[in-house]
Amino acid sequence: MDTTNDSVVSEFVLIGLSNSWEMHLFLFWFFSVFYMGIILGNLFIVFTVITESHLHTPMYFLLANLSLLDLGLSSTTVPKTITNLFTNCKIISFPKCMIQIFFIHVMGGGQMVLLIAMAYDRYTAICKPLHYLTIMSPKMCVSFVVAAWIVGIIHAVSQFVFVINLPFCGPNEVDSFYCDFPWVMKLACVDTYKLEFVIIANSGFISMATFFSLIISYIFILVTVWKRSSGDLSKAFVTLSAHITVVILFFTPCMFLYVWPFPTTSLDKCLFIVDFAITPLLNPAIYTLRNKDMRVAMRRLSKRILGPSGISQ
């Protein structure tokens, strides 16, 4: 079959979240406010880590890169969603749909690697404190970030090459507010059963395996601290609770969609609002509100930005 000739669909219609005008208005303000918070919160973390010399440590280096990926992941879907809600135009061209899918999985795959790196960083800091700076050297930290982008690109390409060549010659309504493999594949004019298995194996099982590996690693760290400190887990739990919260928020929607693809309910849409709009906003709050060094550094940066006259007023 000549897939190029059969692919007559030049655009898709994003059905979105609701047809109610009142709900459209609510979602427009919801996404607009949250996206502004995502931009300001994550960029503020990046600038704080760059400008404050005492934050030039492995943990904050990885956190700054996670903030960039949070901003990137949100930017793949939220601006288009806001535009669609404002103009009531739900059309997305075929190339833009494919680009959106590609970058969603690049950013998502990169985040998985960075979350693993951050778990390894906490394990080294808590369980091997004397060797921490040797193990988590600048070269190692840069290697983690480079690996995150490489893995993200490989993760996206390994699925994208199958979908880009599918023939789309019939319905073009995507049952979501953004493009992604499970929904777009349903519109193909061929049997996609084998490709569904590829998606489950690539995105679903990888998400599940990474999630449980991270949770087990954090439990191992807590058990190690408990044995060494005669049952006092308070300090370690405060440090790790932020990481565990972020892991749960990020992986729950991924496992729901990709392990059980093509759901029949709208729950998947609500869960992915968490991934694209809520989690990228909560991450800065989770990491800064529970971290004294970051709070102090952000206050100091705010004073420098506002200046003495701005503070006195």
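Note that the numbers count up from 1, one per residue, in the order the chain is shown.
A Cβ is built for glycine as well, from the same backbone N, Cα and C atoms used for every other residue.
Note that TrEMBL annotation is computational and uncurated.
Because the structure is a prediction, the values reported are computed rather than measured.
Annotated transmembrane segment per TrEMBL: 26-47 (among others), in sequence order.
Annotation comment: TrEMBL describes 41-287 as domain 'G-protein coupled receptors family 1 profile'.
Per TrEMBL, the feature transmembrane segment maps to 59-78 (among others). For the transmembrane segment (59-78), the list of distant contacts is 31, 34-35, 38-39, 41-43, 45-46, 49-50, 100, 103-104, 107-108, 110-111, 114-115, 117-118, 121-122, 125, 141, 144-145, 148, 177-178, 275-277, 279-280, 283-284, 287, 294: same-chain residues at least six beyond its ends, Cβ to Cβ under 8 Å.
Per TrEMBL, the feature transmembrane segment maps to 98-120 (among others).
Sequence annotations record features per position, and here TrEMBL assigns transmembrane segment to 141-164 (among others). Tertiary neighbourhood of the transmembrane segment (141-164): same-chain residues 58, 61-62, 65, 69, 98, 101-114, 117, 181, 184-185, 195, 198-199, 202-203, 206, selected by CB-CB distance under 8 Å and a gap of 6+ residues from either end.
The feature transmembrane segment is assigned by TrEMBL to 205-225 (among others).
Cβ atoms under 8 Å from those of the transmembrane segment (237-259) belong to residues 108, 111, 115, 118-119, 122, 126, 180, 182, 199-200, 203-205, 207-208, 210-211, 214-215, 218, 221-222, 267-268, 271-272, 274-275, 278-279, 282-283, 286-287, 290-291 of the same chain, restricted to positions at least 6 beyond its ends. Per TrEMBL, transmembrane segment is recorded for 237-259 (among others).
The transmembrane segment annotation in TrEMBL covers 271-289 (among others).
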Which whole-number mean pLDDT does the model give the domain 'G-protein coupled receptors family 1 profile' (41-287)?
85
For the transmembrane segment (26-47), which stretch among 98-120, 205-225, 271-289 has the most Cβ pairs under 8 A?
271-289
